Structure formats: C-alpha cells, structure tokens
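S.K.: One structure is given below, represented as structure tokens, and several questions about it will come after.
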Amino acid sequence: MGKTQKKNSKGRLDRYYYLAKEKGYRARSSFKIIQINEKYGHFLEKSKVVIDLCAAPGSWCQVASKLCPVNSLIIGVDIVPMKPMPNVITFQSDITTEDCRSKLRGYMKTWKADTVLHDGAPNVGLGWVQDAFTQSQLTLQALKLAVENLVVNGTFVTKIFRSKDYNKLIWVFQQLFEKVEATKPPASRNVSAEIFVVCKGFKAPKRLDPRLLDPKEVFEELPDGQQNMESKIYNPEKKVRKRQGYEEGDNLLYHETSILDFVRTEDPISMLGEMNKFTIDENDHEWKILKKLKQTTDEFRSCIEDLKVLGKKDFKMILRWRKIAREILGIEVKDDAKTEIEVVPLTEEEQIEKDLQGLQEKQRLNVKRERRRKNEMKQKELQRMQMNMITPTDIGIEAASLGKESLFNLKTAEKTGILNDLAKGKKRMIFTDDELAKDNDIYIDENIMIKDKDSAADADDLESELNAMYSDYKTRRSERDAKFRAKQARGGDNEEEWTGFNEGSLEKKEEEGKDYIEDNDDEGVEGDSDDDEAITNLISKLKGQEGDHKLSSKARMIFNDPIFNNVEPDLPVNTVNDGIMSSESVGDISKLNKKRKHEEMHQKQDEADSSDESSSDDSDFEIVANDNASEEFDSDYDSEEEKNQTKKEKHSRDIDIATVEAMTLAHQLALGQKNKHDLVDEGFNRYTFRDTENLPDWFLEDEKEHSKINKPITKEAAMAIKEKIKAMNARPIKKVAEAKARKRMRAVARLEKIKKKAGLINDDSDKTEKDKAEEISRLMRKVTKKPKTKPKVTLVVASGRNKGLAGRPKGVKGKYKMVDGVMKNEQRALRRIAKKHHKKK
C-alpha cells in the first residue's frame, strides 16, 4: 500500500510547530510571545508578577516561567482545564465572571501584576462578523481584568482580529496606556487575521469612567452623518462608492421630482445630488411665467432631463436659473437698498497709533528687504568661492556690499547740500593772480606740472601694461603646461620665508609719501581727512592680510614674543637658493640670539634689584616673569643627556636634505673639507644684499631663473639623492595605501561582526548545540569564501598535429583558443594602425 500524506492543517505544521515540539513547548504560539518580548524591550525579564488570561494549553505560561526572574508569581486561567506546570499557578474559570476576579484576588493578595497577557479567542464558526465582534468583546473583558490588577507603568499584551471595531479598541487602549503599538510577529501565520497589540506604561487612573469598559458603549454603532452632496455637484467626475450599502426603504435607484419643487426647496444641493430628473408641468401657471425667461433655453431643458450625466458647469447654470426664478416668483427678495456707511473720524491718539503702526510696518519691510539683499549677497559670495572666483576684484564687491554706508556716497551728499563743501579741497588748489601777487612764496609753473604729470603717467601706464602682458602670458602657459600650472598652485619652488616688518618704519614711509594741503574751511578738511583715514585703513588692512598669508608659522611664533617689540629690522633677509640657506645668516642669527638672551638675563636681574629697592615706594607694581624665561630656567635643571636628546630630535625634524647641492655640502661638512668659517665666507657674495623691493614680477622671476649661484656638486651626492628619490617612489601611493588600509579595516569589522553573531548564537539557549555549530560554520564559510576567479584561457598554436584540427586538442582542459602566425601578424597590424591614428590626433 502506498503512503498517505498527512494534511498540513492550513500551514500550522510549519517549522515553528516542529521547533516547539523540539523545545518542549505545548503550542507553536509560544514563539509569538518570545518574538514580541524581544522586540519590545524584554519586559518579561523585568516582571515579578504575570497573569495569563485564556492561557490554555499553557505555552505562554511556559515562556513566562522560563524568562521571568526566580520566585516570580505566574498565574494562568482558562475556561478549559490545563495540565499543571512547574512554577505556575493554574485554575479553571471564565474571565467574564466574578468568580475569576475573586480567585485572582485570592492568589495575588496585595500584589499587583507587572504584565498581563491575553491570547484568547472565542469559538468560531458562526460567521466572520459575529466571530470578530465576539473576539473584540473578549479583549475588552481581558482589559477590564488588566486594569484592576496592573501596577503603574505595567504592560498589557492582547490578541485582536482585524475588523471594524479595531479602531475603537485602539482608542480605549490609548486612554489607559502611554504607548500603544500593533504588531504581527513572524511566528503568526500570514493567512491568519490575528494581530497583537502591545500596551506599555499603564496610567493607573484614580477614577475610571465605567463607560470606557462597557461593550455597549464602546462598540455602539453611531448614526451616519449627512451625505455630502456638494462633492457630487462641484466634483461630479469623482465617484464615491457606497461601501456601507444603500439606505433602508430606498428600493429604487431612479428618482424624479417637479422643477417647481426644486425652485421652492431650501436645500437645492441635496436635491441635485439625489434626483435623476426634473419634470415639467406645462399647464402650471408658475412654469408658464418661468418658461418666458431667456435663461430657459433648450440646453437647460435637456440638462434637467438627466442630472446624473451633468458636469460642474451645467450644475452651476441650473443653480443660477433657480436663483432668478425665485426672484421672479417672489420667493427670494433682492435687497437693492445700499447700506450707508458712516465714517467716524479718528481721534488724535488713534491717528498717532495708526501712523506708528504704519512706520513700524514700513521699518519691518525695510529690514526684511535688507535681510533678503544680504542673503543674496552671501549666496553669490558662496557661489564665487565654490567656482574659485577669488580675485582682487573682491575689494570692489566688498565695497558694493556696504550699501548706504559706503565710503563715497555722493547721492547722500547731494541731498544734504554739502557736495560743494566737499569739493572745496580741490578748489583751493586753483590760485588767482591776485593771490599769487600777494604771496611771492606761492608759485606754480603749470607747464612743468603738466609735463611731469604726463611722464609719470606714461611710466605708470607702461608698467601696468607690462604687468598685464606678463599675467596673460602666465595664464596662457598654465593652460597648456601642466607642470607650470602645478608650480603656480604650489606658489613657486623658491618661495622665501617672510619674517615680518616693523610697524614704525611702515608708518614713517607712509607719512613721507603723503602731501597735506591746508584748507581754511573746517568742514572740508574734516571730510577729506575722514576719507583719507578710511582709505588708509583699507590699504593697511589689505597689506596686513597679504602679510598674514606670507608669514610662516615658525616666524609668527618667534616674532609674537614680547622681546621683539622694540627691535628694528636691521638684519638683511637672505635668499634661499635650491633649498640651502646661506651660512652667514645662520651664524649671525645664532649670535644675535645668544647676545639677546644674555642681555635679557641682565635686564631681569637689574629689574629685580630695582624692585627690591623701590618696593616700599611703588607697592602697586608687580613684575611678572616671561613664560619663555621660566622654561629656560626650568630647563637648567634637566640633565645633559635629556638636553642633547631633545636637540637631536629637533634638529632631525627641522633639517631635510632634498637637493644635490645640499647633499654635497653635507658630505663636505662630514668629511671635514669645509668648516663654519668657510660657510661664513661663502655667504658674502653679490646675491646677499640684493634689493628686490618695488620690482615687477616678470623681472624677479627672470632673475630667479638666471641670476643665481652655481654651486659645484659631486657624483656621490647625486647618487645619494637618486637613491633617496628611488626609495620614496618605491613607496605605494596614497590611494593604494588607503585602499589596503580600508580592506584591512573591512576584514577586521567583518570578523568582529561575526564574533558578535557567534556570541549571540552561543548565548541562545533555545537552540541545540548542533544548530549552533551549523549556524557558526555557515557564518565562517561566508567570511572564508574566496572570490571566484575566471579560468585562464589556454593558447594552442595551430601547427604540427594541431594544424587543421576540428575538435579539442589532446591534453588541453578548460577553455582554449587556437592561434597561428597569421593571427599574430593581424594583431601586429592592428596595433600599428592604432598607433598611426593616435599620432594624427
């Protein structure tokens, strides 16, 4: 006999069924509460008292006894008897009766439950609507028991069916709990209509409305509201289905009424939405009057014959006709009397308040307009910065952004009437013959002034033209030469280190270049001086910004020290050629540093002595030691080995031999071929005190390229630099190193992730050791799985025994390709043709 296949019982005999039998649970529903507990914060592990309503056969009680703390009180109740379970109190009772409530109080005594579970369902089979309503009633009874026995911030988990009463139950839950969420765990079958609601944070109200837990009040059918007929009239294209059925007693789908009833009704919209046709009685006296209207056209007659096919425009036409018909029949009287509006004059306080409000509104609009303008300027500035459009024209942009507060606002000066006063400064430069005759000291030769002015202007024009031509040349060269473009981006190879300037000398030079002309008019002088002061501040600000860009961090750190405040810039700035600094500047600076330290030490000792003598007289003053000096005194107590070690480390960090000339000099110093005095002597040359101030850029760059010292180099130095560069080039590029590092990081992260997963698998007590081993081995196979590599194609030369062979050659496995001399010549010809075309491009 053949085997009979057992029915699957609507999919209940799935993996959860067999897993429940393996774990020893009484039903597959135990995995539902396990998954809900894991999803919502492991509330069972924190529960000391648990009540399971409708608990048969007891699978949820088994899970609770396993997850809850030791010595927890777990009570299970159902209408059918259950087999006893360890650590669980079970009894038989109906949860809708008073007997169940009294037994629960007897077992719990003065305790309150932390969690109430409900997984009950009624006997089904009467019909879907009846079964869903009975389930909702049962859920409400379970909620009633939970409200009586739950502790504050307790948890309630229940099962409900998807039905029309679902939203009503959710509303009741939300009145009693802080957080209400509906979920469907994976263990619940998809074909089942059940869903689970998790209610957390029980509010425990002191006074509870009994209607909130009364099934008659909660599930009461509310009467439907009045049907919205306006949507039918003003949006007839959108059809709304009657999902709740048709009205009781309305057995017909076709309705008609008289057109005069439509005119007399107070709710024409509803009538238009309900009726299919308006009938006309030709013998009616009122219709004979309305028939003579010019609005009663043939189109109107055809529209009222079938109202269900009309559109929005047709319905509006019918409503306008009804309005005119009501006026003619006297049903609706048109109010032609115009209401007279009495204008009451404002009082003085009201007028002031109105004007104040107008000014405030005007000020608000001005502020809003100014804010919008500033935002637009910021957006344009950001766009220019993103497009690298940062050029010297930014000065003009900044000046334009000042708006009304700009430096030269001639419109404001013209409105205020002081434009002529502002021009008096230039008017005073023109002297009359009488003034020249009165004062013999004042004599101006106009011809000489014009001649000098023309020659200076020509020189300035020529210089600016040369600078513009040179900038155009650099732009063209950077477009076609990538190396030159990279050099410009780096800022040049031989960029000198800027050491700062003295503010006093700069102010002296600016004062020497200024010419002030006295003016008898005080207001004119004051206006001109303000303008000159603003321009001077702008120029000094721009120069300061340029200096900040050129000043290196090392020089800034040195010159910020207070001891350099009164030092004049009397040291020459030596140029740096090919990465080697002249020895004279190094020696002079080191000597000056030593001398300055000795002078500072003597000065501090003198100040200390003088302070002791004058302490009685000048007690208000206090001499604070410099931080740098304290560091020097602290360093005296260090050992010589630590000093030497720090000096060596600092020396090794600062010096880097990067050129052949520097390597040659290092070899000569190491071999004793040169000493300090030789380096000092070499520092004195014609390039040392070169004056490069106020020279154009094209001249300076040409001098850097051609006018420089050619120092002798050796073969050994060149080989050493070559080996150094070779070692640097042998290192992987930044992208390759970063890619390798990322690969290692991903591998480590993947391994850590697998370790965590393996730990979770080991900690899962619900799985057997065999399942754990299989899952861990599956994870390890994913990590150790090697990427698939394409099989190599074997090349077989079509010569000898393989010549003219139709099938697979002997001894060749996998993919293969037949090649011969003709194919080789063809490939060579193709490469030659491609190379030829590449040269033409």
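Cβ atoms are placed via backbone N, Cα and C, with glycine included.
Found this in Swiss-Prot, in case it helps:
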- Gly58, Trp60, Asp78, Asp94, Asp119: S-adenosyl-L-methionine binding site (BINDING)
- 360-389: coiled coil (COILED)
- 505-517: compositional bias 'Basic and acidic residues' (COMPBIAS)
- 518-534: compositional bias 'Acidic residues' (COMPBIAS)
- 574-585: compositional bias 'Polar residues' (COMPBIAS)
- 598-607: compositional bias 'Basic and acidic residues' (COMPBIAS)
- 608-621: compositional bias 'Acidic residues' (COMPBIAS)
- 629-641: compositional bias 'Acidic residues' (COMPBIAS)
- 642-654: compositional bias 'Basic and acidic residues' (COMPBIAS)
- Ser455: phosphoserine (MOD_RES)
- Ser464: phosphoserine (MOD_RES)
- Ser529: phosphoserine (MOD_RES)
- 480-534: region 'Disordered' (REGION)
- 565-654: region 'Disordered' (REGION)
S.K.: Restricting the comparison to the binding-site residues Gly58, Trp60, Asp78, Asp94, which residue's C-alpha is spatially nearest the C-alpha of Ser455 (phosphoserine)?
M.R.: Trp60
S.K.: Need the DSSP three-state call for Trp60 (S-adenosyl-L-methionine binding site) to compare against my parser.
M.R.: helix
S.K.: Which of Asp78, Asp94, Asp119 has the fewest nearby Cβ atoms, counting only those within 10 Å, among these binding-site residues?
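M.R.: If we count Cβ atoms within 10 Å for the binding-site residues Asp78, Asp94, Asp119, the smallest count is at Asp94.
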S.K.: By CA distance, which of the binding-site residues (Gly58, Trp60, Asp94) lies nearest to Ser464 (phosphoserine)?
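M.R.: Going through Gly58, Trp60, Asp94 one by one, the Cα closest to that of Ser464 (phosphoserine) is Trp60.
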S.K.: At a 10 Å cut-off from the C-beta of Ser455 (phosphoserine), count the other C-beta atoms across all protein chains.
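M.R.: The answer is 10 other Cβ atoms.
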S.K.: For the coiled coil (360-389), what's the mean pLDDT in this predicted model?
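M.R.: For the coiled coil (360-389), the model's average pLDDT rounds to 88.
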S.K.: What is the number of other Cβ atoms found within 10 Å of the Cβ of Ser464 (phosphoserine)?
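M.R.: The answer is 11 other Cβ atoms.
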S.K.: What residues, ordered by sequence, lie under 8 A Cβ-to-Cβ from Trp60 (S-adenosyl-L-methionine binding site) and sit at least six positions away in the same chain?
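M.R.: Non-local contacts for Trp60 (S-adenosyl-L-methionine binding site): Ser29, Ser30, Ile33, Asp52, Gly76, Leu117, Asp119.
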S.K.: Measure between the Cα atoms of every pair in Gly58, Trp60, Asp78, Asp94, Asp119, the residues the record assigns to S-adenosyl-L-methionine, and report the largest value in Å, rounded to a whole number.
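M.R.: Looking at Gly58, Trp60, Asp78, Asp94, Asp119 as a set, their Cα atoms extend up to 18 Å apart.
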